[in-house]
Amino acid sequence: HSIGKLSQISVRVVVRSRPLNDREKAVSSGVVLSMDLQHCQCFIWKPGAEDEPPKQFTFDGTYSGEHATEQLYNEAVCPLVEGVTEGYNGTIFAYGQTGSGKSFTMQGVSEPEAQRGVIPRAFEHIFESIQCAENTKFLVRACYLEIYNEDVRDLLGNDVKQRLEVKFVSFVIRVKTQDLLEEAWFLSLSFLFFLGG
Ligand SMILES: Nc1ncnc2c1ncn2[C@@H]1O[C@H](COP(=O)(O)OP(=O)(O)OP(=O)(O)O)[C@@H](O)[C@H]1O
């Protein structure tokens with residue numbers, strides 16, 4: 001994707017489904033989701049009512065249990081990180097019910113290599129771009145915050161248990177969720193860069 005195209009599409013939403021886990025297999029859970037990967041569509045059947053038409057959703061990308069994080073990164077994340085190294089802001093936000101695979105996608109596992117997570121891949125990508133760049137100085141800043149049950153904690157601070165006070169709120173976004181176990185992964189990539197002479 002060219003940067004021009006990136007700047008025109010402000011938000012892209014992709015969906016990833018995971019394979020059944022051992023517990024789900026042990027209790028013979030049925031699969032209620034299918035995907036049309038070519039048309040980026042998901043179909044969800046109501047359990048016990050298979051003759052009813054499925055609910056249908058269309059996304060910018062669909063990834064099923066057979067897809068590795070590598071492919072998701074290359075197609076859905078790589079253009080955004082490329083944009084960041086060119087000075088655009090970018091955010092990757094992973095959202096889903098507990099156990100749906102957010103940590104697996106964002107942190108990932110070191111083996112197999114194709115399942116390394118989005119965060120280590122993005123960091124490698126950024127620092128490789130910096131190494132290859134000529135006549136450009138980069139400033140990379142990182143912060144790692146946890147927001148959990150209204151408490152904000154700095155996970156890179158000296159005392160990770162210390163709750164930070166919110167001193168100034170310029171705007172508030174309220175997210176209502178039905179399931180309190182839902183949590184979200186938030187990776188914000190932003191870059192200040194200076195062109196050197
Ligand atoms: N695409 C996948 N392929 C294989 N296993 C997966 C996949 N996605 C998730 N899993 C497995 O499913 C389990 C739950 O995933 P994970 O811990 O990433 O969920 P989560 O959304 O981060 O959950 P929580 O909100 O409870 O932290 C883990 O054992 C993980 O290894």
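Note that Cβ sites are derived from N, Cα and C of the backbone, with glycine treated the same way.
Caution: TrEMBL annotation is automatic and unverified by curators.
Taken straight from TrEMBL:
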- 10-197: domain 'Kinesin motor' (DOMAIN)
- G96, Q97, T98, G99, S100, G101, K102, S103: ATP binding site (BINDING)
Lowest local Cβ density among Q97, T98, S103, which the record lists as binding-site residues, within 10 Å: T98
Assigned element (helix, strand, coil) containing Q97 (ATP binding site), judged by DSSP: coil
Those binding-site residues in G96, Q97, G99, S100, K102, S103 whose CB falls under 6 A of ligand 1, listed in sequence order: G96, G99, S100, K102, S103
For the domain 'Kinesin motor' (10-197), mean pLDDT (0 to 100): 84
Neighbour count (Cβ, 10 Å) for G99 (ATP binding site): 13
